[in-house]
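Shown next, in structure tokens, is the structure this report addresses.
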Amino acid sequence: MTAVIHPDIRPRINSVASDDLNAAERERIRAKSALFAPPEARLADGRRDLVGLSREELAALMTEIGEKPFRAKQLWHWIYHQGATDFSAMTTIAKPMQAKLAEHFVVSRPTTATEQTSVDETRKFLFRFRDGQEAETVYIPDRREDRGAVCISSQVGCTLSCTFCHTGTQKLVRNLGPAEIVGQFMAARDSYGEWPSPSADMPRYLSTIVLMGMGEPLYNYENVAKAMRIIMDGEGIALSRRRITLSTSGVVPMMDRCGDELGINLAISLHAVTNELRDQIVPLNRKYPIEELIAACRRYPAASNSRRITFEYIMLRGVNDSEADARELVRLIRDLPAKVNLIPFNPWPGSDFQPSTRQQLTKFANIVMDAGFASPIRTPRGQDILAACGQLKTESERQRRSATPEA
């Protein structure tokens, strides 16, 4: 059944284009984000988790236990370059110091609750965190090039309620902390044995990060930014900012900050070319309409002809896939360094949408391509394990609901 989109009669919130309003809105987002803060990264016995701490925080902890700050540099190397989780494996640190570190600290990973591998070799991890909450991470291999992307979650659940997205049916529980965000990538590396970190001239199986998992990363910006700085540090995991892409549904006030401070690649979950439709399928549009979103894209400092903004567009049959939609999309992005990823809708239990026909996908792609924009049609990956775009939702929640007896 094709979903029916009803016109929205709610008034649109006024523009937040001015600097003062943007600053006020960023503060509002920060305050709201704090309500969903992750738990402190500390064990019940009081030991502190060292994963997710900045270099400065590591140095301060060393001072607290009576050690020289240079110990932080040693720990950084062992934690993020070597991937060590046991202090006794840190052979450049004397044994008495290893014991002292183990008394005060841990180097942890999220627990792998389940791990599934698709027929196309896509692998989905359900990671469980210290408080029992869970999020999904997906590794998408490109065997032709011996490389692959790690799709990382930034929140448990999501607050956006996009109507075509499975994650949107799971309410936001909380934000993930830096240790939990970095930990997803580190645990995936553990699974593939990719330690120590490969040098710049060596191939990496886990070669890129896409912040396209569960949650809206710009609604958890502080924790995401801290995690990405750790991952980009040249003496640790050392993943270039050019190999990291953040996907947002359009949290306009935070886009400038992300570009200025992180300079990572930007992807926009667009999915509609009119405010009337986008208000319905991406409700965040009611706060930050398309005009403001495109203006923020024009300002994004990391965008260039060599680092184009990616516009993600899930093709929904009879909803957003007409030739007129394609022409309007071209008009919207006409002065941007951009490419368009056309994504066939990936069905999930309970959804009313249907994927566009192959013929309509091709027509749409050709219109965009003829206007000078790359418009590949994405090949669905991991559909059989609900790991494809728009399908993520913690499997444990689904299992619990199906196993709960009726009263």
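The backbone N, Cα and C atoms fix where each Cβ goes, glycine too.
Swiss-Prot lists GLU136 with the feature active site, proton acceptor.
Look at Swiss-Prot and you will find 144-378 tagged as domain 'Radical SAM core'.
Same-chain residues at least 6 positions away in sequence with a Cβ under 8 Å from that of CYS151 (disulfide bond) are, in sequence order, THR137, VAL138, TYR139, ILE140, VAL210, MET212, GLY213. The disulfide bond feature in Swiss-Prot is assigned to CYS151-CYS389; the stated evidence is sequence analysis.
According to Swiss-Prot, the feature [4Fe-4S] cluster binding site maps to CYS158, CYS162, CYS165, an assignment based on sequence analysis.
For GLY215, GLU216, SER247, SER269, LEU270, HIS271, ASN346, the entry in Swiss-Prot reads S-adenosyl-L-methionine binding site. Note on SER247 (S-adenosyl-L-methionine binding site): other Cβ atoms within 10 Å of its Cβ, all shown chains, come to 21. Taken residue by residue with DSSP, SER247 (S-adenosyl-L-methionine binding site) is part of a strand.
The active site, S-methylcysteine intermediate annotation in Swiss-Prot covers CYS389.
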Nearest of the recorded positions (GLU136, CYS158, CYS162, CYS165) to GLY215 (S-adenosyl-L-methionine binding site) - Cα to Cα: CYS158
Among GLU136, LEU270, ASN346, which are recorded as recorded positions, the nearest neighbour of CYS165 ([4Fe-4S] cluster binding site) by Cα: ASN346
Farthest-apart CA atoms of GLY215, GLU216, SER247, SER269, LEU270, HIS271, ASN346, residues recorded for S-adenosyl-L-methionine, distance in Å: 19
Subset of recorded positions (GLU136, SER247, SER269, LEU270, HIS271) lying within 10 A of CYS158 ([4Fe-4S] cluster binding site), CA to CA, in sequence order: none
LEU270 (S-adenosyl-L-methionine binding site) to CYS162 ([4Fe-4S] cluster binding site) - Cα separation in whole Å: 11
Alpha-carbon distance [GLU136 (active site, proton acceptor); SER247 (S-adenosyl-L-methionine binding site)] in Å: 16
